Amino acid sequence: MDKMAYKFIKWFEELRKDDVPLVGGKGANLGEMTNAGIPVPPGFCVTAEAYKYFVENVKVSKEDVKKILGEKANKGTIAEVLASAPDEPRTLQEWIMDIINRTNVDDSKQLQENTAIIRELIESLEMPNEIADEIKQAYKELSQRFGKDEIYVAVRSSATAEDLPEASFAGQQETYLDVLGADDVIDKVKKCWASLWTARATFYRAKQGFDHSKVYLSAVVQKMVNSEKSGVMFTANPVTNNRNEIMINASWGLGEAVVSGAVTPDEYIVEKGTWKIKEKVIAKKEVMVIRNPETGKGTVQVKVAEYLGPEWVEKQVLTDEQIIEVAKMGQKIEEHYGWPQDIEWAYDKDDGKLYIVQSRPITTLKETTTEEVEEVEEAEVILKGLGASPGIGAGRVVVIFDASEIDKVKEGDVLVTTMTNPDMVPAMKRASAIITDEGGRTSHAAIVSRELGIPAVVGTKEATKKLKTGDYVTVDGTRGLVYKGIVKSLVEKKKKEEAAAAPGAAVAAAPLVTGTLVKVNVSMPEVAERAAATGADGVGLLRAEHMILSIGQHPVKFIKEGKEDELVERLAEGIEKVAAAFYPRPVWYRTLDAPTNEFREMPGGEDEPEERNPMLGWRGIRRGLDQPELLRAEFKAIKKVVEKGYNNIGVMLPLVSHPEQIRKAKEIAREVGLEPHKDVAWGIMIEVPAAAIIIEDLIKEGIDFVSFGTNDLTQYTLAIDRDNERVAKLYDETHPAVLKLIKHVIKVCKKYGVETSICGQAGSDPKMARILVRLGIDSISANPDAVQLIRQVVAQEERKLMLEAARKKLLEEEEEEEDLF
């Protein structure tokens, strides 16, 4: 079998960077660098088509599944899947998607269990001979290049979504080092395929909006570098965003120790052009990863002091000449790609040469630099480490040691652990800051922290010993300091720091231009400046609830006690703060929409009715019209702000289901001197299916805009209480019925020139954003931390639409030309 006869194999020499759909980001980049003359160890890729062939052609019966899983088949999601599955065999892909579609990715336990079952199925099923035979032949050819029957190789997974700009999937799938023999290679390729379904990879795809059924996996098989020293380099400083600096991390043995964060590596900063070594931090390198001496293959972690000698622990890994050699190689690779790179490198102890084993674009680079945070004299520094992700975070400490404990970390906690491995991503998203004992600034965990915009300090050596769950700390992710307690002066600077460091800051400095506006949801006036700093095109939802309920008393009772003026003043102050922060960008204020159970818990709420399902009860515009004193106070507050010159405010009525509700609300507004359509824009929420169905009648009553409240619209359309765990798995904002309602409303609104938007949770979901752009929505309102991501997704989808339109036009023109002849 010669190379040209391969169906599922591609050699590096045959690949370029555009081959991501075929061999994934890792494989495509290795091919690109090979052809650019970069010293890359030779190898081949088992293409994504092989994985696709495997899952779409291997048939599995119910009995096969039960036999593979044993007792596990009788409980949880898989038991439900088996109960509803047809008797005839199904493809592996059908089994996988059935399990995934029933999985709530935010339920850590369920996610871990279900993805483990998928991996077990993949690893237990036999690889088709058509693929296995090609792998054996290619491995034989690669070995013969070096005059051997078998050589050591690294088998790395390469996902087809791995290095897309908006999704830092780095390290989400597995790598197997020092693999020897064709059978072992085949086994590791299957393990790579299975690693597409780790909990962390599945969680990432879900949160980044990737369709699970369309992400495939290639496996890279590459000659192993017998590393004496290795590491990672960033050709732009990932902490300060300085593109004139190269950051190099280095340690002994294989690079796995640096990437995983098992060791705190040496760190060198090199200035581009002058090649001056600006900074050297020589770390205590306690451990290293080597080829397992007992089995002759695979890897093992050993202590540096025992394997190399005590003097090697604090010895500089790279000579100054090698530091510059590595830096220059990084610059060469960056120049080739035209963008800063995240590169894994190694020196081979057999020939002493430098090799590049991987390169990918830095996906977390921002256009702005973080403002320095001054050290606070009166605060007590209790830990020092490496600032891995800039910003200030403060909160209650939760110490965990492995992924089984991640549910202990609640929203706003400070996550403390030995090293934050990728399995902890769900907890990292909830944390206000992250502190680790080990790891460097180029470890995978540090990269993910920067991507999530969460302050992180790594390599403190003793965080898990010094801190205990329940302590309170303040974390400075820029300087690498951890302070005892909540340091007020730093926390007060947090808003400014976050505005500089958050993903949205880059957008504010150099916004992507999109036809679809990207707005932001605001719950509290206190965060208005931070929300405005995201570069959002306005506020698609300003919630009234926090401002009104923060008075600490039932608002109707408050008014009856003669305090209406005080309520109006408080409301006006909050609305003005947001209107000013965004002026002249529009701010849509949604009138009060708190359910009765929230009112009942307040002082003075004793007379609130007991409702079995408050979400279907006395709330929104229904209550506003029944208790017009509430609506009147809100409109008076808006009028005060308008009279100060803020003409960027819109009024949005929640839970509208009849034209009469719009008419009556306008009458109340006019009673206080607020003129709809003149003083303020006037709009409604589309949350009730009835509103979507009679949208034309509602428009004729006079509205300027509508906004989809997808949380309620989905619940009401599907008759699902998403807080009921028995049916929550059926909750789906992309259900065809929900999308049909949205599509209908957008179509009718376009006919009448009414602006359309969305402000539900779905507005922060990339998958939903792509759908909405294609449906022609005018704007999408996202949560502050999702604005940049949604803007990137919108820009990408709009480019696709333009490209599709251009291609269609070109085809039509070609057909017209053919008709002429």
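Every residue gets a Cβ built from N, Cα and C, even glycine.
Swiss-Prot lists HIS444 with the feature active site, tele-phosphohistidine intermediate.
Around the Cβ of ASP712 (substrate binding site), the number of neighbouring Cβ atoms within 10 Å comes to 23. DSSP classifies ASP712 (substrate binding site) as helix under the three-state reduction. If you look up Swiss-Prot, you'll see ARG543, ARG590, GLU687, GLY709, THR710, ASN711, ASP712 marked as substrate binding site, on the strength of similarity to another entry.
Taken from Swiss-Prot, the feature Mg(2+) binding site applies to GLU687, ASP712, supported by similarity to another entry.
The feature active site, proton donor is assigned by Swiss-Prot to CYS759. Under the three-state DSSP scheme, CYS759 (active site, proton donor) falls in the coil class. Around the Cβ of CYS759 (active site, proton donor), the number of neighbouring Cβ atoms within 10 Å comes to 29.
When the Cα positions of ARG543, ARG590, GLU687, GLY709, THR710, ASN711, ASP712 are compared pair by pair, the longest gap among these substrate-binding residues is 15 Å. Report note: the substrate site is defined by ARG543, ARG590, GLU687, GLY709, THR710, ASN711, ASP712, and the residues of the same chain whose CB lies within 8 Å of the CB centroid of those residues, excluding them, are LEU541, ASP593, PRO654, MET685, SER707, PHE708, LEU713, CYS759, GLY760. The binding-site residues under consideration are ARG543, ARG590. Their Cβ neighbour counts within 10 Å are lowest for ARG543. For the binding-site residues THR710, ASN711, the greatest number of Cβ atoms within 10 Å around a candidate Cβ is found at THR710.
Between the CA atoms of GLY709 (substrate binding site) and CYS759 (active site, proton donor) there is a gap of 6 Å. On the backbone, the CA of ARG543 (substrate binding site) and the CA of CYS759 (active site, proton donor) stand 11 Å apart.
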